[in-house]
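As recorded in TrEMBL:
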type: DOMAIN; residues: 28-706; note: domain 'Myosin motor'
type: BINDING; residues: G121, E122, S123, G124, A125, G126, K127, T128; note: ATP binding site
type: REGION; residues: 583-605; note: region 'Actin-binding'
Amino acid sequence: SRLDSDEERCNQILRNMEASLTARDRVGIQDFVLLDAYTSESAFLDNLRKRFHENLIYTYIGTLLVSVNPYKELDIYSKKQMDTYMGVNFFELPPHIYALADNVFRTMLTEFNNHFILISGESGAGKTEASKKILQFYAVSCPSTKLLNNVRDRLLLSNPVLEAFGNAKTLKNDNSSRFGKYMDIQFDHQGGAVGGHILSYLLEKSRVVHQNHGERNFHIFYQLVEGGEDELLRWLGLQRNCQLYSYLVQGDCAKVSSVNDKSDWRTVQKALSVVDFSENDIEHLFGIIASVLHLGNVKFGADPRGYAILNNNPEMHWLSKLLGIPPQVLQQGLTHRKIEAKAEELFTPFTVDHAVYARDALAKAIYGRTFNWLVNKINESLANKENSDWSFYLFIYLFIYSSFEQFCINYCNEKLQQLFIQLTLKSEQEEYEMEGIEWEPVPYFNNKIICDLVEEKHRGIISVLDEECLRPGEATDLTFLEKMEEKMGGHPHFVTHKLADQKTRKTLERGDFRLLHYAGEVTYCVMINGEGEIEFGGYYILFFPIKVMRQSKNSIIKHCFPSTEPDSKKRPETVVTQFKSSLVGLTEILMSKEPWYVRCIKPNEGKQPGRFDDVLVRHQVKYLGLMEHLRVRRAGFAYRRRYEIFLQRYKPLCPDTWPNWKGTAAEGVQRLIKHLGYKPNEYKMGRTKIFIRHPRTLFATEDAFEVCKHELATRIQAKYKGYRVKGEFLKQREAATKIETCWRGLMARKERERRAWAVKVIKKFIKGFMTRNQPACVDNSEYLAFVRQNYLSRLKDNLPKTLLDKNNWLTPPPIMQEKSKLIYLYNLQLKLLTSSMFKGKKENYPFSVCRPFLDTRISKTAEYFPVTLIASLPSDPVFLCVSLPQYSVPVVKYDRNGFRPRLRQLIFTQAAAYLVEEAKIKQRIDYSSLKGKQSHVMESSHHTLTKLSLVTSNLGIVICSVRFDIQPGREGFVDFKSGQESMVYRAKNGHLMVVSMEFKKYVHFSWQFQ
């Protein structure tokens, strides 16, 4: 919605508005109006220098934009930058030419009135580039349709055409505009560009025939010679070498590193087709350009009387062909002057000097009028074809020439400065009246006295020049100077060599006069031609018969020299008078529109990036009237902003307005400045804006805001961190609650299942108990199994100390009575077997009969078997029916060959015996596979023999010596003896000797199943 958009805009203003105030010591102030020492040129230059060195080339003076040419590419003109500046407040973002263009555009659509942008500055200051950036911005920002896009393309491509024909390389600028341009862009009520119109002023035609050293002619000549197709050049009679043409080599600078003539030629060709030039127009246009080059190469000889003649000059052939004029007519026009006296026509021959002057005058006239035709042709292409509401933007480029052109431009500057100050004062006064602020008259330098010196009727320089050009007789520099000295001798802004004091006279030549402009003193030179005639603003083609050009078959030449033009009997106006009339018309146009200004400044003469020439910049600041404009803007209040914007930015400084003000913006600002302690003479409250008189008041407020921002940032960070932590806590709590819920549900389900299982078991137990005396069935099977297990578990823990004590044998339940007897008999049988084995052969036999085999029972050791070992045993096919080992005992196994001892674990299962080392089975002894004798020498306790006797039928016990087979045909022996210390070793006779304090039973066992 619109309210949301406005709120978002205010937030954006809060983020970006006047952000540079916080870094003003480093990058300067972005608006000169906020400069405290606004009357100091040094402070002005210092601020401009700071921003220039930080690549901040744009600075405001209120709504006036100051632009310093950086002489390098800056990444500030991208599509993204255009989008950033579209639709924003003028002071919302850092100064930029896009900000000015956008503000002009939006103001025009809002107020439905006409506007103009005045771009001024020296040659090389960046005026042409500024105009391109504005046009590019409008091309992107304006509404887009097929018709509007067509107009947009023509507007954009009219620039390269006008640059080719109207720009040239000078000492100060490689692409200097050598004419003044007024351009209207016409918009409809929706902001779409629907048309345009261009007016040109004072083309520097003298450049066609003469260039200073280091300068070039207009670009189009070099583009045609360097970039033209071979076929086109042959048709025009040209060669691809600029050095062959007199009009192109006078500046000795045909090649320029920064200019690509071939590429620019292709651009011009494309532009001419888009701007709607026909093939015939383009052909005749380039024919005229080539004819000017040929005309410059025309050489005159002298006959015996000193008159000019043309002898077999090849250039005349091409001139005749390209201009469509018979050679004889053309030759007579270049070498003779026609004088009409009543009904008679007389032809007077030219001297060589007169002929050269006439040739150059013709070249300038042809090129100048062709340029005017070109501008008119572009205007036809840009004309609005539909009726619509029109508004205008204006671009003016001003430049500095020498001599007469400089005089005209400085005169134009005087008029525009006068207009500039008047419009600035007018807009300031209107704003004050609109806001209800009392207007205080502003003193300023009124340059009307200088304008009158130039243009006053009958007494001004232009009137004197006209009189000298029109009076009978020869007009010379002396007569012109004498006339000016006579009429303006006492004027404070005019001085000549004759009128000057002795000190000033040393700086003036006899043909010079000096004017004191508002920007400083300028000296002008009055030039005379070869005949002693005045050239300061004279009529260029006074001597050339226009009727000759009317005979041309070239359609453009015929249009440029129409038959309706006044004949030579009536002398036309001088150029300076024409310029004065144009300037008056321009001033009337500007007075009817709302003004916007761009002042372009070049930082140095060498076009070097990063170099800031204080002297040069100071001069430009002065003649552009920037200090004067600043004084006008600062005469009242330095700073003004709408209440909403001011309150939005500074409301944190007052507890009453922070964070939200409920009343009107004006009331909030009033409460805010009361809290800040503004004095009554420091501010004024308008209807919609607050006016602050001194920059220091704003800076103090801004500094307080900087301190407050850190405090606010700390508080906001604390709140935000608390918010984040609280959010994280709430998430964790919610997650914990979910986990707890799921866990409690899981536990509840398990508890329910456990209880259900318990109920089921209890039911079965009760049912089994009730049917315990009945035969085994489904109802009592589990109960009886429980009774058996319980009895065996209790029996294991309560075995009698001696098997002969039958009274202490645990009483079995009825179901286990028979099995209890079997267990008792099994243990008794095992005891008897052991007794039969060791009775009479074991010294401590009487003491061991009553000892149970508790230390070697499998129930005590099975739980310590490695899981990997238990898992490996079932791989035995026989062992698959056995769940666990039946008996296990540690032994020492002796190799039969060498009697090397190895620690092993001997495990008996129902099917086989295993020798195990840690968790690895080293050997398997299968009971059923033993045939004959199998010899294994191991050291173990007597319990092993008892278990072994259950699985073998042939077990012999010896106490002296054991013989066994090592391999077929080779035997080994084990000898036993008693001694003071138990040991086992290999004796010298190769036998294994066992020494024991109490004989351990070392057995050689061999068994055989029968």
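Keep in mind that glycine also has a Cβ here, set from the backbone N, Cα and C atoms.
The structure, with features from TrEMBL marked on it.
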| residue | record | Cβ contacts under 8 Å, 6 or more apart |
| --- | --- | --- |
| G124 | ATP binding site | N69, T170, K172, N173, S176, K602, K607 |
| A125 | ATP binding site | S67, N69, C600, I601, K602, Q620 |
| G126 | ATP binding site | S67, V68, N69, C600, K602 |
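Within its own chain, the region 'Actin-binding' (583-605) is flanked in space by residues 48, 52, 63-71, 97, 100, 103-104, 107, 111, 113-122, 124-127, 130, 172, 182, 199, 201, 392, 394, 411-412, 415, 419-420, 423-424, 427, 611-613, 616-617, 620-621, 624, 626, which lie at least six positions past its ends and keep a Cβ under 8 Å from the stretch. Regional average pLDDT for the region 'Actin-binding' (583-605) in the model is 81. According to DSSP, the region 'Actin-binding' (583-605) comprises 9 helix, 8 strand, 6 coil.
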